[in-house]
Structure formats: C-alpha cells, structure tokens
Amino acid sequence: MASEHDYLFLFMAFFTLAMFILTQVLSALATVPGNIAGWFPNTTEEISDTYPVLVTPAGWTFLVWAVIYIWMLIYIIYILTTVCRRNKNGPVYMNPPVVTANFLAVFSLNLAFNIVWLFLFSRREFAWSLADSCMLAFTVYVCLWLNHRNVEKYRDVMETNHKVDLWCNRILIQNGLAVYATWTSIATLINLSIALTYLADVKNLSSSLISLSILTAEVVVYFVVDTFYWDRYLRYTFTVYPTIIWALSGVLSENWDPDSSTSIFNAVLLALGGLCFVIKFVLVVFVRESLDNKPALRSKAKGNEYIFNEEDSDVPSISMTNKKIYDDAVN
C-alpha cells in the first residue's frame, strides 16, 4: 500500500479546522446583542421571542449546541491525529482511507451553510434561512453516509488491525454527526413552522402540527431503516433517539397545555422516541451482539472465514475463497 501523503486530504483537514473555528467565532457573535459591526441585527433568542411557534423548545434545550460543537472539535482533532500517526502500511488516514477528502469537503460545506444561516436568520429572512437549514441538514446526512459506508467497507480489516480507530469512528464521528444531524433536522422543522406562520399566514397551531407530523414520519422511517435494513451500518449509532427525546422534552416544557392538540401530539411523539430508543438498545446489546458473538453465526453472516495466525496476530490468514476480498479491502 502506498505510503505517500494525500495532499488534498491534508489541505481539507486543516481547512475544516479553520472553518470550524470561524463558525465558533460567528456563532458566539450571533448570541451577543448589539454585536460589533452590526453583522447580526437580532440574536437567535430575540427572534424566537418575537416570532414564537408552538414547537419552539425551552431555552435550556439549545445547550445541545455546546454538546454538538464540543463533540465536533473532538472528532476534528481525532481526524488530525490520523495525519500524524502511522501503521505498518503508512499514514493512518490512508490505511485504510475511512475519512476521505470528499467527507471533509462536504463537512466544510456544511459549516459554510451553518454560517450563512446565522446571517439569514438574524435578518429575519425566514424563507431563505429555511432553504439554508435544509441544506445544512442534508450535508450532515451525506457526511454520515460517507463515513458509515467506509467503516462498513473496511470493517473486517479494522476489527483485526485497527480496532481503536474503528471505535473512534463509531463513537466520535458517527454518533457525533448523528446528534448534529438530528438536531439540525428538528431545527429545520422549527424554521418551517416560523416561515409558515409568519410568511404564509398559516395558523400557529396548523404550522406546528405540520412540523410535528413531518418529524413523526422521519422518526418512523428512520426506525424502520435502522432496525430492518441498515443495521450493519447503523448498529452502533445510538444518539439519534436521545437527541429527539431532548428536543421534544424542551418543546413540551415550553408549550405544555393539556388542552392543546400540539402538546398531546408532542407527548405521544416523545413516548415514541423513547420506545424506539429502548428497542434499539435491547436489540443491539442483548440480541444482535449475542448472536454475532457466536462463531458459527458470525462466520455465516459475514461470509468470511477468518483463521488467525498466532505467529502474526496483526494479519489474519483467510480461506483462499475469501483472500481476494481481503486483499481488495486492504488495497
């Protein structure tokens, strides 16, 4: 395997770090009333207070942004460490190439959409900020897809030779991005409710019910895909459901009214999110992992028969029928 550096990756890695720092600076400025140069005429809190909707969460809910950005910083630092570390095949970031320049390019584009949203929302451009928010969420989805695909592609090699990096991808990148994707999806629906109410003259109740209905559909579709179709990709991605629970708890806390249909809808959706999380946890921890840990079932499920060479535990010897599969994965 070639050990030469991928200079496009190196550029994108440090460019992503620069974009992250810029995003943090502008996000901080956007929360300060009367900020310098008048870049942000209104803070996000002022907009939320001026244009309330029935799906606006309580202020404490937005602490999730601190979690998102801290998690983001950690996995950016992790990605940079793969540039500095080497394994027997060369730089870690190339062997195997799980995080790619394409991933970093899309992630940097996402941060650009994040910055643009701050300017648009501050200027009450609700239609444009809604469009931008949709792209913000979509680019996170693309990042998740790219990373999950590559982790699955190189999973057997990483489980054998690079287990720490495998779990760093699962815990830091995939679960960190999942929190980000879930929250931006919910924020997009809040933005939709604001746009419908204050631009399209839709009743507050109706616009909020529309947003909750879309969120319900998203939760159901994701649960079905997560559980029955893409388990091999999404098995260790847990943070979607806790983020949904956190957001809906904030909405319920801020807008609870036992006589309101939105409150009842929100409470039912909150219970649904909790149920999905419990089912996910039970399936992964007590059912699928126990099945996969049985050698016969694991071999049948993977279609690869690994026979480890005790003299060289770093490199597994495999049956000749699967040697080409392994070589293709490594190379």
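A Cβ is built for glycine as well, from the same backbone N, Cα and C atoms used for every other residue.
Just so you know, TrEMBL annotations never went through curation; they're auto-generated.
Since the structure is predicted, the reported quantities are computational estimates derived from the model, not experimental observations.
Features as listed in TrEMBL:
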TRANSMEM  7-40  transmembrane segment
TRANSMEM  60-80  transmembrane segment
TRANSMEM  101-120  transmembrane segment
TRANSMEM  126-146  transmembrane segment
TRANSMEM  177-199  transmembrane segment
TRANSMEM  205-224  transmembrane segment
TRANSMEM  233-252  transmembrane segment
TRANSMEM  264-287  transmembrane segment
Taking contact to mean three or more C-beta pairs under 8 angstroms, with sequence separation of 6 or more, is the transmembrane segment (205-224) in contact with the transmembrane segment (264-287)?
yes
Interface-richest range of 101-120, 126-146, 233-252 toward the transmembrane segment (264-287), CB pairs under 8 Å:
233-252
Remote residues contacting the transmembrane segment (126-146) - C-beta distance under 8 A, at least 6 residues beyond either end:
51, 100, 102-103, 106-107, 109-110, 113-114, 116-117, 120, 174, 177-178, 180-181, 184-185, 187-188, 191-192, 194-195, 198-199, 237
Any chance the transmembrane segment (101-120) and the transmembrane segment (7-40) have 3 or more Cβ pairs under 8 A, given the pairs are 6 or more apart in sequence?
yes
Using a Cβ cut-off of under 8 Å, list the residues of the same chain at least 6 residues beyond the transmembrane segment (60-80) that approach it.
13-14, 16-17, 20, 24, 27, 44, 93, 99, 104, 168, 172-173, 175-176, 179-180, 183, 243, 246-247, 249-251, 253-254
Please report, as numbers and ranges, the same-chain residues at least 6 past the borders of the transmembrane segment (233-252) whose CB is under 8 Å from any CB of it.
55-58, 60-61, 64, 144, 148-149, 151-152, 170-171, 174-176, 178-179, 181-183, 186, 215, 219, 222, 225-226, 263, 266-267, 269-270, 273-274, 276-277, 280-281, 284, 288
